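Taken from TrEMBL, the feature transmembrane segment covers 66-90, 96-115, 136-156, 162-180, 201-220, 240-265, 286-311, 323-342, 351-371, 377-399, 420-447, 467-489. Under the heading region 'Disordered', TrEMBL lists 503-524. For 503-517, the entry in TrEMBL reads compositional bias 'Basic and acidic residues'.
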Amino acid sequence: MSAGIIDIGQTFRQYANFRIFQRPFRMSGGTRTDQGVSGGTPVLFNMGMIAPASTSAATVPRSVRLGYGLGSLCTGTFSTVPGLLLLYYMTDVLAVPAWIAGLVVFLPKAWDLIINPYVGQRSDRTVSRFGARRPWLLLGALTLPVTFALTFVGPPLTGMPAALYVGVMFLLTATAYAFFEVPYKAMPAEMTEDYHERSSLLQWRMVFLGVAILVSGALAPTITRVEDPGGSAGGYRLMGVIVGLLLLAGMLGCFFGTARAPVVYRTEAEPSLRRQIAVARGSRPFLTLLGLSCAQMFAVGVMLAGAPYLAAYVLGDPEATTTLFLCLVGPVLLTMPLWVWLSKRLEKRGAMLWSCALFGGGALGMIPASHFGSLQVHLWVVVVGVGYAGLQLMQVSMLSDVIAHDSLTTGKRRAGVFTGLWTACETVTMAFGAMALSWVLGLAGFVESSGSAVVAQPQSAVEAVRSGVTALPAVFTALSAVLTIVYPLNAAVLEEAHGIAEAREKRRERPAPEEGHGSGQAAT
């Protein structure tokens, strides 16, 4: 493990000095869409990249890219607002003890380990006039906005009764989110077979994701302070309703916008959910990617949950939560084209390593900066934001490659299972990060409250906030970098998988020899 950490710098130089030698490779055959089968198109494969040689029938239409991207208004908002505000809402508005509040955040997310694979399996088997995935998008759109709003629009409770109510509503919200998110993440691998076409498609997703995080991360804390600068129960209720409407807009936009989405392959689903999960667990690319993603999502979960505490108790300005978020997600919108270019120039593993370096290094830089003032902290958060943009894009792009590789090598349709397990582990580890922070705060003597004023905390709690939001994410980001080094998929491996798939199709299309043909020739 320590040797792997030492080799990170060498790997950076290896990818930076890598030279791409092109060699053309022409694919024949057709591309399956919802309307039928169109002719094949030349595709240029490189040792270091794969890109279309010409306009392809497999290219996803711009309108579909836009519609698919709108779905990230849901994913970005839901991954941001509860992770940012729910823990703080319970400890500083509902007077729930920190360690109990952490459990309330975590346990509904642990339910994802059950519901997400189930939704993935059911969506794989779904047959309807809307396709396999889109009926689930609609179901999520009709349920998630309501349950999310009710999580904050509740009876005037405090302490344990408030924790129980929020826990039940958040469990229902997590279930509704699974209905949408699991099939949503399965769609890119089914829209195109091209390695970098998926990165381009997912660039649209990441732009909308950045917008969603920017809007929800800045807007939600601001709304909670409409009645009082420190936040109030009434402000949180208003925030729940407004964010619910934002979720509804993005989810319905995705459902209608993906009506013309191409489907480049459609094979039969596995008959057994247990068998599907076993196959997913037996995939080395999936397990490696899942491990590095979980480490990163734990770091993000800690940082998200700790942002309001950092603003209130370290910087002494609760309103700084909004500006910290602007510094975090602003680079997502500005640097996404750079990360797409780097993923082609350095391969996705190289781009992921640079993302880890910026995210983890920025988090460590916040430790001394927090002693000098708010401006220095905000500057380091910008560095974290640049790394965060790369982490997000590389994760979803590499997941699509894993799904495509599995389909090419097995000929089976298991996208829903992979994305179901992925989404479950992603959300659980983010919630575990928030719970870990809450336990650190509880052990440090954090004092919960039900008023709008910021309560004076012991110095031990302040230092726990400082180290928890900075050093802890940096450690787990370094772990994810080690796992990135051993991630096995790249363009060459996927090219080989395409060859396996073509050979399998040729064997299926080869006509069987006529009975008696050989013996007849011998008699002649």
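Each Cβ is built from the backbone N, Cα and C atoms, and glycine gets one as well.
Note: TrEMBL annotation is automatic and uncurated.
Within the same chain, the transmembrane segment (377-399) packs against the transmembrane segment (201-220): three or more Cβ pairs sit under 8 Å, each pair at least 6 residues apart.
Away from its own ends, the transmembrane segment (96-115) comes close to residues 82, 86-87, 90, 158-160, 162-163, 166-167, 170-171, 173-175, 178, 305, 423-425, 427-428, 430-432, 434-439, 441-442, 446, 448 of its chain (Cβ-Cβ under 8 Å, at least six residues beyond either end). Counting Cβ pairs closer than 8 Å to the transmembrane segment (420-447), the top stretch among 66-90, 162-180, 201-220, 240-265 is 66-90.
Only sequence-distant pairs (6 or more apart) were considered; of these, fewer than three Cβ pairs between the transmembrane segment (201-220) and the transmembrane segment (162-180) are under 8 A, so the stretches are not in contact. Under the criterion of 3 or more C-beta pairs below 8 Å, with sequence separation of 6 or more, the transmembrane segment (240-265) and the transmembrane segment (467-489) do not qualify as touching, having fewer than 3 such pairs.
Counting residues 6+ beyond its ends, the transmembrane segment (351-371) has Cβ neighbours under 8 Å at 8, 11-12, 15, 292, 296, 299, 303, 310, 314-315, 339, 342-343, 377, 379-391, 394, 398, 466-467, 469-471, 473-474, 477-478, 480-481, 484-485, 487 in the same chain. Same-chain residues lying 6+ beyond the ends of the transmembrane segment (467-489) with a Cβ under 8 Å from its Cβ atoms: 1, 4-5, 7-8, 11, 284-285, 288-289, 291-293, 295-296, 298-300, 302-303, 306-307, 309-310, 349, 352-353, 356-357, 359-361, 363-364, 366-367, 370, 398, 401-402, 405, 436-437, 440-441.
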